[in-house]
Amino acid sequence: MEHFDFDTKLNTTKGLSRNDLKRTIELNSKDDGAEIYYVRIKAPGLYTLKDVKSRNNIDVRTKHKAVYVFTCPTAEFESSATTDLCTGDDGPVGIKVSGVPPFSLGYIQRVGDWEFPSKISQIRPQDVNVLPAEKIHDMDNVDPEFFRPNPTQFYSWAATHHQTVYLKPTLEHPTLYEYQLLNVTDGFGNTVFLDQSSVINFRVHEHPSAKFACNDVDPPKLLVNEDVAHIPFELQGSGPWKVGYRHIQESNDKTTEFNVSLSVPMASLQVRSPGIYELLEVSDSYCKGNILTPSTCRVVQPPLPSIEIRETPIPSECSGTDFIGMKFFTELKGTPPFNLKYNVYKKTGRSKTIVGSWNETIDRSRYIISYMPTTSGDYIYEFESLSDKNYRDQDISKYAFSHTVYPQPDASFDESLTTLKTIRTCVGESISLDVKLTGARPLTLFWSISGQLYSEEIQDDKYRLKIPNLEKPGPHVVSLVMIKDANGCSIDLEARDVVIDVRRERPTAGFYTNNQFNGSVEITQGSTATLPLRLAGKGPWMVGYKNTEKENAETNMVVTEDPNATLETKEPGTYEVVSVQDEFCRGNVIPSPYTVRWIDKPVMTIDDETAILKQEDAYEKPGVCQGASASVGIKFQGHGSFYCSYDKYQVGSWKLNPVHLGTEEINSVYPNAQVNLDTNTSGKFRYLFNKIADQRYSDPFVTFHRQTVEYTVHPLPTVAFSGRTKKQHSLCVGDSLLSNDMPPIWLDLTGQAPFVVEIRVKHQTANHLQTHHLSVPTHKYKLELFDVLETSGLYNIELVSVVDNNGCHSTTPASNPVLTVEAMEVATISSSDTCADHCVGDDLDYTLYGVSPFAVSYQFNGRNKKITASSSTLSILADSPGNLTIISVGDKRNKCTTYINHMTSIIHQTPSSFISGGREVFENIHEGDTAQAVIDLVGTPPFEFKWQRSELVWNKDKNHHYKGNVLETHLVQDVQDNRYYINTAVEGIIEVTYIKDRYCQYPRL
């Protein structure tokens, strides 16, 4: 075999032995007899068979065709220098492709959550010639010359080439971009599907941005005596950021540029000088950014706040030389709002006592402060500090003033009285009014009520006027008339009056008893009783009541606006109203006791006729079989209908750890009810009756005496074939179930021993049926049945039912596994062919008798083989010459086997022929001469064959002969030799088209 390397342009020749060939035809192949071999190659290139000989060294005619083997195409991404890009960047994605061009690529582009399948075709180097497109896409109809080796051809188009193609995606979205290669196809349509690792991805980032967050109305301030000011600043992007900015001095337009690094998006720039600041550039971890507006910010330095204070005394109305207070006129400079702190002291001898401290908030530039003391004396006014919006506590202690003050007397009712239009009270009730006074003490106050004038001498600045008991109903006006101080200064008062409305009737309170001496109500325990009140007067009322049946009972107070209000209580007893007061005065109580009583709770007990009392509140029922019906009776006392809930527990060997199975409920309109016990599961169970309710106590509550019922559910016995017992067996007709070929049958039983088991042996036709009742003393039992299998077919051994010592009976379910015994007929075989001689490629047909599947043993050319037949017919393909003898036939486990004598078939090789040793021979003859064609015949004589001569056609363009029309055909019979000669004087192509020997022929009919 000759190899031409496309890349190195070198020719090499290699001899191939039989070990280098791999045959593909096997036994049972139904091919037409042609033998196919494969040659393993390890390098791409052009392969040509130069010379082939058979096993007996005869030249084999070859078709001079070339085989092209190309390098499989590959594709992979170029490694990327960066995995982070910016929107708007050029992001070329390089893909390296190798193989035979032109290439096509299939890939997927993923942008965020979007996916775009794409394909690129006609990828090829610019300076490389490629195979014409018609040769690539129509290989079945290509010119045969394409596969004929050409020594002058270097096949540059078939060499391996490497090409890099670039994708240029538009990076518009800040997200994850991913590219995955799916497949690559070369110039001959060879497609390689790439795995999921052929992926490249990169993150596209948005360009960062920067802007100031200041405004012209309230610009950043660099205060006096402070080192830095902060300009609010906003950043977008992925930190950290680098920011460039410059400072412009407003006084001389001098500029200075700065660069800073910031790590958080909401930050501030620290600056040390007032002026205009302008952003120049910004970049983050990945991209250069944009400067947004506002990009400039003005930093100002506000002046310190200041104040000018001017004083003016306030003259007295009684004396032109005395003053009752001071006024201070202030002028403020700075940024409002201002905060002014000052203190007022009263001088006593050489010391001073603080009277008050004030902290005035001022929102204007001019402000007046007035101060009028309530007592005479020397007063000092000291101004402490001034603050504005920007500066705190600037010292203004230089402003201090002192004056002597003689305040004039004054009096007024307390504000809590003047805010009320009318004060109401009842006839005979006393009342007091609070008055506030100022002036030099002692003070004399003149006041009047209903035209009657009164006077009081007062030493304090507060006084309580005691109004005489008012016996006349209706409105009464109290007025403050005049006041006189210790200096003899009298002032007529303009204070607001107080009106007292005197009501004739007093309020009353009592329980509503529906014209009975006392009222009563019954309630369930825990519920709320509502006691109706009847109130008279003007609300709101304050009512006092208590439970007289409780020792040392406290009086409860309740306030209500409703004259028909109710009292709520959850405790039983007798309740009485003990006091009442409405909006104006205390009232009278109407005797009307009200009694609250509890209703008896419902009671539940277990009916002792349905269960046995073992101890207090604990009952037990006799054991019951699983699935059987069982119940327990319960009795109710109370007001039907009744409700009861109970918890179900499964009690194990340790009673302290029961398993809760759930909660059930009972609803009954009758005092007697039945509770069905759960017997679906075996074990010991306990029912705990814990909650009860009736018509009155509708909210279920836990009973004080909780009843329990315990019972045992016996499990139903079971019987089954042991897990180690095979469920399918095979015996021959006439065998017993105790045959040596029948393995032991073991039974597994559960329940209380001993047991009675019902077993049935049944033939599939139901014509043979035998039932057995066996006493089984243990839980593991070996089954012995004496039944004989008289008829072929399937026998089922079924477990029907079982009864244990507890009397519990169970029937095995239909789905329970059965043991199947197959009684098989003895298998036989016969040949369907009457002739013992066969040819390679014939089917040897046999007929099988018995029950399939069959196992047939045979010998072929001295080697023993086995074959399985699933039906009554068997066909064996004769794929090579030799002798095939049937040895035995049985089932697939080779039981009930029959051994066969004298069933042999002889398989003969298909005849063949060679002209001129199997080579293509071109022989020139002159006119009048003859040429001789030698035909070698392979097979068993006599031979019969057919040969024909075809027209010899010359193709000038391709310099090659072709076979034309058939000119003559001859049939040669009864040839006894293995060689035959044909002499001819006519040109043409001679070939054998049919051959037959003693046993076989080719082609097969």
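The backbone N, Cα and C atoms fix where each Cβ goes, glycine too.
All annotation found in TrEMBL is predicted automatically rather than curated by experts.
According to TrEMBL, the features are:
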DOMAIN    2-69  domain 'Nucleoporin POM152 first Ig-like'
DOMAIN    208-297  domain 'Nucleoporin POM152 Ig-like'
DOMAIN    301-408  domain 'Nucleoporin POM152 immunoglobulin-like'
DOMAIN    506-591  domain 'Nucleoporin POM152 Ig-like'
DOMAIN    625-715  domain 'Nucleoporin POM152 immunoglobulin-like'
DOMAIN    827-900  domain 'Nucleoporin POM152 ninth Ig-like'
For the domain 'Nucleoporin POM152 ninth Ig-like' (827-900), mean pLDDT (0 to 100): 86
The domain 'Nucleoporin POM152 Ig-like' (506-591) in contact with the domain 'Nucleoporin POM152 immunoglobulin-like' (625-715), cutoff 8 A, at least 3 CB pairs, sep 6+: yes
DSSP-assigned states of the domain 'Nucleoporin POM152 immunoglobulin-like' (301-408) in counts, ordered helix, strand, coil: 0 helix, 69 strand, 39 coil
Residue counts (helix, strand, coil, in that order) that DSSP gives for the domain 'Nucleoporin POM152 Ig-like' (208-297): 0 helix, 49 strand, 41 coil
Residue counts (helix, strand, coil, in that order) that DSSP gives for the domain 'Nucleoporin POM152 ninth Ig-like' (827-900): 0 helix, 45 strand, 29 coil
Helix, strand and coil residues within the domain 'Nucleoporin POM152 immunoglobulin-like' (625-715) as assigned by DSSP: 0 helix, 58 strand, 33 coil
Tally of residues which DSSP labels helix, strand or coil - the domain 'Nucleoporin POM152 Ig-like' (506-591): 0 helix, 45 strand, 41 coil
